Amino acid sequence: MLNYLNGTAGKLREIYVLPYSSSFALNPTLEMELDQGKMDQEPGRPTWNRQIEFTLAGIGCAVGLGNIWRFPYLCYRSGGGAFLVPYLLMLLVMGIPLLYMELILGQYMRRGPVHALAKACPLLKGVGLATVAISFIMCTYYNIIITWGLYYLFSSFQSPLPWQSCNNTWNTPNCTDHINPNTSSHSSTASQQFFNYRMLERTGGVEESGVLRWELFLLLLLAWILLYFCIFKGVKSTGKVVYFTALFPYVILLALLINNVQLPGAMEGISFFIVPNWEKLLELEVWINAAAQIFNSIGIGFGSLMAMSSYNNFNNNILKDTLAISITNSLTSILAGFVIFSAFGYMSHLQNIPVSELAVDGPGLVFVVYPQAFATMPVAPLWAILFFFMLLCLGLDSQFAMVEVMATSLMDGFGGPLMKFLRHKEMLVLAVCSTAFLLGIPHVMQVGIYVFQLMDHYTAIVSLMFLAFFEVLAICGLYGVRRLSANLKEMTGNRPNIFFRVCWMFVAPLLITIILVFTIIQFKPARYEDYVYPPWAQGIGWVIAMASIIWIPLGALHTLWVLPGSFTEPTMERRKNSRKSR
């Protein structure tokens, strides 16, 4: 049974205004209700059955496919062990404090990101809308990765594995079983050709749409059906599923690690992973990549964890959840690093080349490089099945959160009218999943990989950095560290310590600004392998990016428009006039 907050205690209305944040000049006055009952404007809002369910759901949201491929890839590109130094430092000064900030606001406001940020900072209420927009856009194409994982999972139930040799109908004359230094640069491995020519059947570019890949279409439908039945009851069903999906991947990771370390050459790969190349620490890009990985991995700016924390008990000790989620996320990345780099060492042994010269490139790590390593392992199909089933669990966990953001926001804003029309929340979740499924169909056409890469580049790289900057500005700056601290004290009886307050006021805003600046300076147009997108496709990419960013200025303009007074009148005065006119 779900626990419900009744919010019936004490309806004494106490309105107060905290002083301006010392860091920023503009800080709209807010009407704050100090009574828990008043913050819970929805008496029937459900809570997690047990607090461990929220912790596991948060871990499942943070721990995803990025831990398996993005972290090892960035670590590999940044000189191995040298990447761990800035990575752990950024976790301490940015990852943990910003996650703590989001969870405090979500738990206190008892709303999803849209209404929580609108109440905290009306001027930047568009940030909440932007978090929902970016989460929904990402969930439409993130499920494609789960679709690919299902394709590989079902293809693994055979021996030999279909990507093990070049004796297949989809292979081209330049296919080779192993890449070595003497192989032509125009050659490609059997694993690469299975991904490109068997599963994707990709066209030559975004100009050629090709036809629908019916196998992938049905697997995409299956992925959304699995997701729906995991979350259709809200926190009631998600809380049960995460016991398995959040914990089982660790069993598989440990099994893979035990197998991999026994392979020849594994120790060379692990040595590359843990022994720093100190010269790399002098490169600014390594530090920027470390900060960006912490930010993307934990999910700051997506609104997912803020939405989930809104279902917590009001007096929950949120610091324990923050530490559990953030530290487990980073330890998982490091564990995955040992698994992946031990396989790198094995591949370097087979190809007789140094680990640093392996061909490793982004998502191809999961669907090209690692399957290639499986093909030569003992009992190859077993390890392939375990690996891709683990990817399925990790992908579903992350999808739970992204879909829940949209469902929670719709219920918070339009719960009454929607329930009159749909009658049950399960139907709302079905509508969200169905819409996202339809929008994902272009990804399962032969042109799909180019659509996927375009959306990922302009959403996960461009949009997210702008969104993160404005979220920190809204909460740490305009809402203010003093108010956030008061909220925490009201919930738990204790204010945050000096470390968190310093990080919120100075360190986090500075780091986010630096990341944003370098994202702009180092921005490169989207490309897939050697294919460069035409200008019209890049334009579509910017439209995709603006689909989430545009809500920030629109929200600010709406706030200024609805408040009484002229635009030249200070916002503080306009808020006072607004209250007098009520």
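Even glycines carry a Cβ here, placed using N, Cα and C.
Small disclaimer: the values here were computed from a predicted structure and weren't measured.
Going by TrEMBL, these are the annotated features:
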BINDING   GLY60, ALA62, VAL63, ASN67, SER297, ASN329, LEU394, ASP397, SER398  Na(+) binding site
DISULFID  CYS166-CYS175  disulfide bond
TRANSMEM  54-72  transmembrane segment
TRANSMEM  84-105  transmembrane segment
TRANSMEM  126-154  transmembrane segment
TRANSMEM  211-229  transmembrane segment
TRANSMEM  241-258  transmembrane segment
TRANSMEM  286-311  transmembrane segment
TRANSMEM  323-347  transmembrane segment
TRANSMEM  367-396  transmembrane segment
TRANSMEM  428-452  transmembrane segment
TRANSMEM  458-481  transmembrane segment
TRANSMEM  502-521  transmembrane segment
TRANSMEM  541-563  transmembrane segment
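A separation of roughly 37 Å, to the nearest angstrom, links the Cα atoms of GLY60 (Na(+) binding site) and CYS166 (disulfide bond).
Taking pairs at least six residues apart, the transmembrane segment (367-396) and the transmembrane segment (502-521) share fewer than three Cβ pairs below 8 Å and do not count as touching. Its own atom aside, the Cβ of VAL63 (Na(+) binding site) has 29 Cβ atoms within 10 angstroms in the protein chains shown. Each of ILE59, CYS61, GLY64, LEU65, GLY66, THR332 belongs to the same chain as GLY60, ALA62, VAL63, ASN67, SER297, ASN329, LEU394, ASP397, SER398, is absent from that list, and has a C-beta within 8 angstroms of the C-beta centroid marking the Na(+) site. If you look at the transmembrane segment (428-452) against the transmembrane segment (126-154), you find at least three C-beta pairs under 8 angstroms, all six or more positions apart, and that counts as contact. If you take the Cα of CYS166 (disulfide bond) and the Cα of VAL63 (Na(+) binding site), they are about 35 angstrom apart, rounded to a whole number. Put plainly, the recorded positions CYS166, LEU394 were compared by Cβ crowding within 10 Å, and the winner is LEU394. Nearest by CA distance to CYS175 (disulfide bond), out of the binding-site residues VAL63, SER297, LEU394, SER398, is LEU394. Note: SER297 (Na(+) binding site) has non-local neighbours ALA62, GLY64, GLY66, ASN67, ARG70, PHE71, ASN329, SER330, SER333, i.e. same-chain residues 6+ apart with C-beta under 8 A of its own C-beta. All protein chains included, CYS175 (disulfide bond) registers 20 other Cβ atoms within 10 Å of its own Cβ.
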